[in-house]
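Taken straight from TrEMBL:
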REGION    1-25  region 'Disordered'
DOMAIN    28-455  domain 'Amino acid transporter transmembrane'
TRANSMEM  58-84  transmembrane segment
TRANSMEM  125-144  transmembrane segment
TRANSMEM  194-211  transmembrane segment
TRANSMEM  218-240  transmembrane segment
TRANSMEM  260-279  transmembrane segment
TRANSMEM  291-314  transmembrane segment
TRANSMEM  334-356  transmembrane segment
TRANSMEM  377-394  transmembrane segment
TRANSMEM  400-420  transmembrane segment
TRANSMEM  432-454  transmembrane segment
Amino acid sequence: MEVLTPLMEQASGEESSDEDLDKEQQPHGITFTQTLLHLLKGNIGTGLLGLPLALKNAGIVLGPVCLVLMGVVCVHCMHILVNCSHQLSERLKRSTLGYSNTVAVAMEMSSSQYLKKGAPFGRKLVDFFLVLTQLGFCSVYFVFLAENIKQVVEGHYTNTTAVVVAMLYSNSSEGSVSSPLDEPAVSVMTGLDQRLYILFLLPFLILLTFIRDLRNMATLCAAANLCMAVSLVLIFTYVLSDVGDPRQLPYVSTWSKFPFFFGTAIFAFEGIGVVLPLENQMRESRRFQQALNIGMAIVIVLYVSLATLGYLHFGDDIKGSITLNLPHDTWSNLLVKVLYSFGVFVSFAIQFFVPAEILVPVVCKNISEPWRYTADLFTRALLATLTCVVAVLVPRLDLVISLVGAVSSSALALVFPPLVELVAMPTRPPALLILKDVSIAGLGFLGFLTGTYVTVGEIIYPDSQGQTRLHDARNWTTPTAPPS
């Protein structure tokens with residue numbers, strides 16, 4: 001959902017032929033409303049649920065301000081990419097250009113011989129980051145599903161046990177009667193390590209990746225989008241029931257925590273991969289910039305609202321996903337986790353589509369025809385297992401999101417677009433344009449370095465709070481206490 005992969009450019013990097021219909025006159029293209037909805041779906045996913053924790057790492061005042069600024073910069077980079085694609089398409093007399101080909105063509109048409117020679121590398125570099133980002137999303141999904149399913153199972157079992165114990169005590173004439181459902185059974189059900197849940201999910205997600213035609217998943221995708229929308233409504237309803245006092249929270253967090261904010265925020269905003277595919281398929285492409293502005297304005301408002309309200313409600317107890325903070329004492333809270341988990345489960349196959357379409361043909365091209373189908377399935381299973389291994393090694397949702405955001409999302413969203421704008425200029429760029437683009441690319445590169453450094457450091461040397469969250473099952477759930 002962070003990147004709408006069914007609409008991604010062709011994995012092979014080939015462009016549409018000159019005989020294709022002009023994109024401004026596509027009679028069967030997507031409408032303005034459909035484009036707007038796809039933009040929303042392309043930017044709303046698991047990253048949204050991690051933004052309240054991102055605000056904790058920035059501060060209740062600095063966080064929302066930086067979130068808005070980052071959103072504005074990311075939208076500006078999206079416009080840069082669209083404009084560069086238009087200019088290069090007109091110069092080449094081609095109808096459409098995808099992300100990686102926009103970078104490659106800009107380098108090919110540069111006056112610098114070094115850039116011209118490096119054009120194939122530029123295309124492969126963008127494809128590499130696209131694959132890395134998509135597989136990173138899949139690792140995030142593993143951790144998200146494991147954490148939420150663990151909470152649902154443990155919360156449901158604990159609540160059921162509490163009700164049974166309460167009934168036994170109320171029906172007993174002696175207050176000291178012991179229950180057969182006491183410590184041992186509860187400990188077994190609530191003591192499973194989160195990594196076991198990740199491994200339990202692996203066979204089901206591998207089977208999901210064997211679906212090679214996403215048109216077969218159209219109904220499931222629609223249901224997943226509906227489930228996630230209902231979940232967001234329920235989350236907003238819950239956090240609005242008790243808005244905390246912002247004066248009780250730090251206005252500005254320590255600078256050592258800010259790189260975590262950057263990684264999570266850029267992960268959430270990394271919808272730039274959906275921009276060119278949508279613009280290329282829009283029926284009235286001249287209205288795309290309007291759709292982009294409206295859609296991203298809605299996204300920014302949604303991000304800032306949920307991040308601020310979630311942090312105000314839960315305070316310093318906020319977790320890597322706001323769903324993990326919801327108690328298990330009402331059916332609506334359990335429903336939020338079940339519905340959103342279903343949406344993320346279906347989205348796994350969608351996010352997996354691009355890396356599979358890029359890597360599987362490379363693996364299978366040198367394999368004989370009788371074994372090609374087997375090699376296809378084996379490669380998909382191997383890639384899914386790889387994302388599972390990453391999730392097992394880093395089973396903390398906040399760290400996985402921050403790492404993926406800092407390493408790959410920053411490059412795609414902030415570094416490549418401004419550099420492409422400078423390279424694609426047919427004449428020497430104005431000084432202010434150079435200053436602006438270099439500043440944005442520098443910000444992205446600085447975020448990449450600092451975000452990666454602090455996140456990897458936290459993974460290798462976790463603080464006591466992270467270790468407690470990982471090994472103490474009581475911190476993963478908020479069970480309802482047995483009535484006295």
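Every residue gets a Cβ built from N, Cα and C, even glycine.
Unlike curated records, TrEMBL annotations are generated automatically.
Proximity of the transmembrane segment (334-356) to the transmembrane segment (432-454) is not established, fewer than 3 Cβ-Cβ distances being under 8 Å for residue pairs spaced 6 or more apart.
Outside the transmembrane segment (260-279) by six or more residues, the chain places 2-5, 7-9, 23, 30, 35, 38-39, 42-43, 45, 47-48, 50-51, 53-55, 57-58, 63, 66-67, 70-71, 74, 77-78, 81-82, 85, 96-99, 102, 130, 133, 253, 285, 288, 292, 299, 303, 398, 401-406, 409-410, 412-414, 417, 447, 450-451, 454-455, 458 with a CB less than 8 A from a CB of the stretch.
If one looks beyond the transmembrane segment (291-314) by at least 6 residues along the same chain, the residues whose Cβ comes under 8 Å of a Cβ in the stretch are 32, 35-36, 39-40, 43-44, 48-49, 51-56, 60, 63-64, 67-68, 71-72, 74-75, 78-79, 82, 232, 235-236, 238-240, 242-246, 249, 268-269, 271, 275, 282, 322, 325. Across 58-84, 125-144, 432-454, the stretch most heavily in contact with the transmembrane segment (377-394), judged by Cβ pairs under 8 Å, is 125-144. Proximity of distant same-chain residues to the transmembrane segment (125-144), defined by a Cβ-Cβ separation under 8 Å and at least 6 residues beyond the stretch ends, is recorded for 2-3, 5, 8, 13, 45-46, 49, 99-100, 103-104, 198, 201, 205, 270, 273, 321, 341, 344-345, 347-348, 351-355, 358-359, 383-384, 386-388, 390-391, 394-397, 400-401, 403-404, 407-409, 411-412, 416.
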